[in-house]
Structure formats: C-alpha cells, structure tokens
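Colleague: When I checked Swiss-Prot for this same protein, it listed these features:
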TOPO_DOM  1-24  topological domain 'Cytoplasmic'
TRANSMEM  25-45  transmembrane segment
TOPO_DOM  46-57  topological domain 'Lumenal'
TRANSMEM  58-78  transmembrane segment
TOPO_DOM  79-143  topological domain 'Cytoplasmic'
DOMAIN    99-149  domain 'DHHC'
ACT_SITE  C129  active site, S-palmitoyl cysteine intermediate
TRANSMEM  144-164  transmembrane segment
TOPO_DOM  165-205  topological domain 'Lumenal'
TRANSMEM  206-226  transmembrane segment
TOPO_DOM  227-412  topological domain 'Cytoplasmic'
DOMAIN    313-398  domain 'SH3'
LIPID     C328  S-palmitoyl cysteine
LIPID     C329  S-palmitoyl cysteine
LIPID     C343  S-palmitoyl cysteine
MOTIF     409-412  motif 'Di-lysine motif'
Amino acid sequence: MNILSAIIVFENLHEVKRLFHWGPIIALTVIGVCSSMAILDSIIWYWPLDTTGGSINFIMLINWTVLILYNYFNAMFVGPGYIPLEWKPEKQQDIMYLQFCRLCQGYKAPRSHHCRKCNRCVMKMDHHCPWINNCCGHLNHAYFTSFLLLAPLGCIHAALIFIMTMYTQLYDRISFGWSSVKIDMSAARHIHHPIMPFSIAAFAATLFALGLALGTTIAVGMLFFIQMKVILRNRTSIEAWIEEKAKDRIQYYQTGEDFIFPYDLGSRWENFKQVFTWSGAPMGDGIEWPVHEKCDQYTLTIEQLKQKHDKRQRSVEYRVVEEYNGACCPLGKGLNTFFRTPCTEEPRIKLTKGETIFATRGTKWWMYGDKVLNEEQAKAGVRIRGWFPRRCVEKCLYDSANNSTSEEKKEQ
C-alpha cells in the first residue's frame, strides 16, 4: 500500500515525473526485456505450461517480476524522507551543534544532507541513485536494498532459462566443420514440438536478453554487497567519508582526540534491525537516532562543523583570469584538462573574468571551490560551487596568512 498511497495522494502526484528520466527508463526496460523473454522462452520453446515443472517455473518468474517491481517502485516513490523545511531542533541551545541549510532555510538534522538533485535535505542520505531517480535514505533503504538483492536473483533464473532454451533448440541443429560452424534452423527438434519455430530472430532476442541478465547480475549484485556493508556497519557512504576525514584531521593537527563513530551499535544484527523490520518501516523518525554509549546525538554533527571550519581555514582565494563555460570536458582548455576531468557527479561552474573563488581542493588540472557572490545573492541563499579548470584562475597575491596554505599541500 505504500506505493499506492505515494502515487494516489494528490500532493505526491508530481512524484510520477520521476519515471521520465533516463535511469528509470533504462532500468524498467531491462526488467521488462528479461522478464518477458524468460516467460516467452519458457512457454514457447523450453518448459511448456502443460507440465508441472513448467507451471512452477512460470509462477516463479511472475513472482520475481512482481517482487522486483514492488521494491523498485517503493524505493522510487516512497523516497528517503525529507527534513521539514525551516526545521529547528526542539531545544534552542542545540542549534549551535548543527549546520544551517540556506536552501531549505532550516537546520540539518543529524545524518541528513542536502541533495542538489532533490533540492531538499534528506534523512540519513546515502547517495542519489539515478536508477530510481531519487535518493537512497532513511525510509526507502530497505526497499532499495531488497531490489538490489531480488534483481540479480531474478536475472540468474532468467539467464538459466535463456541458456537452456538455446541449448535445447540448437543442439540438433549445429554442425561443426574443420573451419566453420553451421546452424540449420530448419532442422526438426526431437524433444517436443514448440508452439512456433525457434527462428534466427528468436535466437538473437534470447542472446540479447542473456547479455542483459548477466550484466545486471554482476553490476547490481556488486551494488547489493556495497549496501549490505553500509547497513551492517550502520554507516552511510557519506558518513564513511566524514569518518575518514575526521581521522585525517586528528592526525594532521595532532589534537589527541579519540573519534568514535556514533551510529555503529556494536553488533551487525542490531545495525541490520535499524533498517529491516517486520513492519517494513525502518526504526526511528529520521531525526533522532540510537547511538554508541560514549556518544550523543550531536557527535557527528560537531565533527562536521570542525571539518567545515578547517576547510574554511585552508581555502585559498583565486581570481578568474580566463572564461569557462562550465563544460564537462572542455577541449579548448588543453588536452590534459579534457582527458583528466574529475569523474564525479559534482557540477562544473561557469567562470567570468574578474570573479573571485575560494578553492578548497583540487587536482593537477582541476580545482573545486565556492564562487564569491554579491550581497543580494547571498541573502537569497544562493551558493555556486563546483569544479573548474585550474588554468582559468590565478592565486591572489594578497591572500591572508590563514588562507595561504595551498590545496596542493594536502588534497582531499
């Protein structure tokens, strides 16, 4: 009922537009091709419905399709859960432990992060997935992971059907010569008489579906193991990055701090139960979380504030000396810039001569930073940050002592 309520409720009708994106279109096409070809191959050529095994096989194929689509659409339409706009903690004094989101005009609750694609602060955000055209987060993590498990299992079943269909239909039709292999599609089969002949077109379609099924099994199966690692450690991909930076910060400044990740409850089973429950809904409200006994609700958010302050201290001021149109791979900026573009979904930003940028990290050919905006844009909560070619900027000579440490010294 979750998916039906998400679609039927008037306020959420706009969610249907998530289907009109290359990710869901490709995903649903692959599901449709593999499912339909497996069913057709079974009924027509391999395992007819007038046998017990054929009937059981047909029911299993239908069940795989239903379960895969159920979890896929729930992951898409139920969504990750969003922090309410202009949200504030119940206790006013807790504001000092939280980051403020200028776009949502509210504070970021623990474990939440702002998604550029969804344009909202997402509860326990792991990542924005293009295949569901939505974020993977608190409310849909179980659905998303179940989909990642069921899709490879269904594809393995379908792949076996494809292989056995081609084997049984081609076994008596293949002849091997010294230098060639011949397939006589007009030769009769001796096992059972199919509803229609297994033609070259049917062979090509089955072979194509087999490739899709095997590719999906490998690709989606790898994603499943990544998500299970996230769940069993109760640590999202973003939080793993924050923890890594925390250790680097402590080591770099020799602060002697002992950072403990707050959301790992010490038991894989306890971590697992935070996402998968008998009711189907995850534990918690997406705002407050069970934490390690030596931590509190704001242990991670305080660390994030420290890292944010550290990033500001290490930022370096640059002035734009060359125009840049924001292209992903700008050939006009040199071959090294073209071929060594950052492999990330983070945006590129347009540059105009005379603009000022505070760079926080970079590579040999690219830099990442925040553009200095005018007062009106700043009040409106506008923030422009992203990657740009290093050759388009030059370091300001009057850079302050606090900002003089270049990013080349320590890249993130």
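Keep in mind that glycine also has a Cβ here, set from the backbone N, Cα and C atoms.
Let's see these features in context: how buried, what's close, how far.
Modeller: For the topological domain 'Cytoplasmic' (1-24), the mean pLDDT of the prediction comes to 68.
Residues 2-3, 6-7, 12, 15, 18-19, 24, 27-28, 31, 35, 38-39, 42-43, 47, 49, 132-134, 136, 139-140, 143-144, 146-147, 150-151, 153-154, 157-158, 161 of the same chain lie 6 or more positions beyond the ends of the transmembrane segment (58-78) yet place their CB under 8 Å from a CB of it.
Secondary structure of the domain 'DHHC' (99-149), assigned with DSSP and counted as helix (H, G, I), strand (E, B) and coil, comes to 9 helix, 16 strand, 26 coil.
Every protein chain shown contributes to the tally, and the Cβ of C129 (active site, S-palmitoyl cysteine intermediate) ends up with 19 other Cβ atoms within 10 Å.
Away from its own ends, the transmembrane segment (206-226) comes close to residues 30, 33-34, 37-38, 41, 145, 148-149, 151-152, 155-156, 158-159, 162-163, 165-166 of its chain (Cβ-Cβ under 8 Å, at least six residues beyond either end).
DSSP assigns C328 (S-palmitoyl cysteine) to coil in the three-state reduction, placing it in neither a helix nor a strand. For C328 (S-palmitoyl cysteine), the number of other Cβ atoms no farther than 10 Å from its own Cβ, over all displayed protein chains, is 10.
Taking Cβ-Cβ distances under 8 Å and a sequence separation of 6 or more, the neighbours of C329 (S-palmitoyl cysteine) in its chain are F338, F339, T341.
Same-chain residues at least 6 positions away in sequence with a Cβ under 8 Å from that of C343 (S-palmitoyl cysteine) are not found in this chain.
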Colleague: Could you give the residue numbers and ranges of same-chain residues that sit at least 6 residues beyond the transmembrane segment (144-164) on either side and whose C-beta is under 8 angstroms from one of its C-beta atoms?
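Modeller: Residues 31, 34-35, 37-38, 41-42, 46-47, 57, 60-61, 64-65, 67-68, 71-72, 75, 129, 132, 136, 206-207, 209-210, 212-214, 216-217, 220-221, 223-224, 227-228, 231, 275 contact the transmembrane segment (144-164) from elsewhere in the chain.
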Colleague: Tell me whether C343 (S-palmitoyl cysteine) sits in a helix, a strand or coil according to DSSP.
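Modeller: Looking at the DSSP assignment, C343 (S-palmitoyl cysteine) belongs to neither helix nor strand, so coil.
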Colleague: Where C328 (S-palmitoyl cysteine) and C129 (active site, S-palmitoyl cysteine intermediate) are concerned, what is their Cα separation in Å, rounded?
Modeller: 20
